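Structure first, then comments.
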Amino acid sequence: MSYKIVALPGDGIGPEILNGSLEILQQLSKEFHFEYELESHDFGGIAIDNHGKPLPDSTLNACKNADAILLGAVGGPKWTDPNNRPEQGLLGIRKALGLFANIRPTTVTNGTSHLSPIKEERVANTDFILVRELTGGIYFGEPKQLSENDALDSLTYTRDEIERIARVGFELAQKRHKKLTSVDKENVLSSSKLWRNVINEVSQSYPDVEVNHLLVDACAMHLITNPSQFDVIVTENLFGDILSDEASVIPGSLGLSPSASFSEQGPRLYEPIHGSAPDIANQDIANPFGMLLSVAMCLRESLNEDKAADKLENVIYQLIKEGKTTRDLNGNYLTSEIFNYVKENL
């Protein structure tokens, strides 16, 4: 079977970290005998320069017909028109593809625990996934109102929205350690009362998965004091936005965190969580690990190449353990050198 992959290098450090990662993907495809077709398209600021908008029709059509999308990074200070921002392309692609679930792994290995700002004994063996609902909640609820003296935001969720994000969480938990933690604010929010009820109902279809409920404030505390207790966390949009940023500091660098966005049946989008870092672009000093780990997620979740994903992840964490890292991880290695080391160790 041949897969269709669309590459969106984007802006800033995006092209250099994605293009190097695509060479790694090609090497893995030869070793593990899988085939794919690759297309590269403009997206974000570069698309504004070349096409007048951040998400050209040609890019969107290619994404709709893909099995997976790999995104480098988007944005930068060059593009200042508030009505035509590079980041609007990301919002557009999420909406067009129905990307409703954001998946954020947080992993700390024996070789990376020294990088964390939290004590090593607290973060040792941390390995969890945070599943955030992307399309509902207070960011999108209606009505919204702003006046000089008062303001209104609406936190709304439907049963269907909660059920579909719950199933993503339970499916991931079934493939991992069979533990799911649902995070809400059930003690004060009506939307969270519905959230908890639906989670409990969906859990009946997954009797092998252990379910726990945590209030969001308690979860925020446990992420710092005992992050290794978690396997899969599932939560709504606002809580997930905050908790995923909190979780991103646990490994010690934004450059170590991949992410994915899932639709119900269409293509999935994979990207590192860091920004475009235009101040270090084209200097061969960008950290490529987040992009490489996003490729590993793509291998596992979209291409069903678990062994290739495992091998790539193992090589990455071994290099970090050996201190072969970029300067943001206190290393002295160039981006190109990291890619060469990955190729050699594969």
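The chain as shown is numbered from 1 upward.
Cβ coordinates come from backbone N, Cα and C, glycine included.
Swiss-Prot lists 76-87, 275-287 with the feature NAD(+) binding site, giving sequence analysis as the kind of evidence. According to Swiss-Prot, the feature substrate binding site maps to ARG94, ARG104, ARG132, ASP217, an assignment based on sequence analysis. Residues or ranges marked as site 'Important for catalysis' by Swiss-Prot: TYR139, LYS185. Among the features that Swiss-Prot reports, Mg(2+) binding site is placed at ASP217, ASP241, ASP245, with the record citing sequence analysis.
Features recorded in Swiss-Prot, as mapped to the structure shown.
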residue	record	CB count, 10 Å
GLY76	NAD(+) binding site	21
THR80	NAD(+) binding site	8
ASN84	NAD(+) binding site	14
ARG94	substrate binding site	17
ARG132	substrate binding site	26
TYR139	site 'Important for catalysis'	14
ASP217	substrate binding site	12
ASP241	Mg(2+) binding site	16
ASP245	Mg(2+) binding site	12
ASP279	NAD(+) binding site	10
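There are 19 other Cβ atoms within 10 Å of the Cβ belonging to LYS185 (site 'Important for catalysis'). Just so you know, the Cβ of GLY275 (NAD(+) binding site) picks up 16 other Cβ atoms within 10 Å once every protein chain is counted.
Note on ARG104 (substrate binding site): other Cβ atoms within 10 Å of its Cβ, all shown chains, come to 21. For ARG104 (substrate binding site) paired with ASN287 (NAD(+) binding site), the C-alpha to C-alpha distance reads 18 Å. Taking CA atoms as the reference points, GLN283 (NAD(+) binding site) and ASP217 (substrate binding site) are 41 Å apart. The most crowded of the binding-site residues listed here (GLN283, ASN287) is ASN287, judged by how many other CB atoms sit within 10 Å of its own CB.
In this structure, LYS185 (site 'Important for catalysis') belongs to neither helix nor strand by DSSP; it is coil. Between the C-alpha atoms of TYR139 (site 'Important for catalysis') and ASP241 (Mg(2+) binding site), the distance comes to 11 Å.
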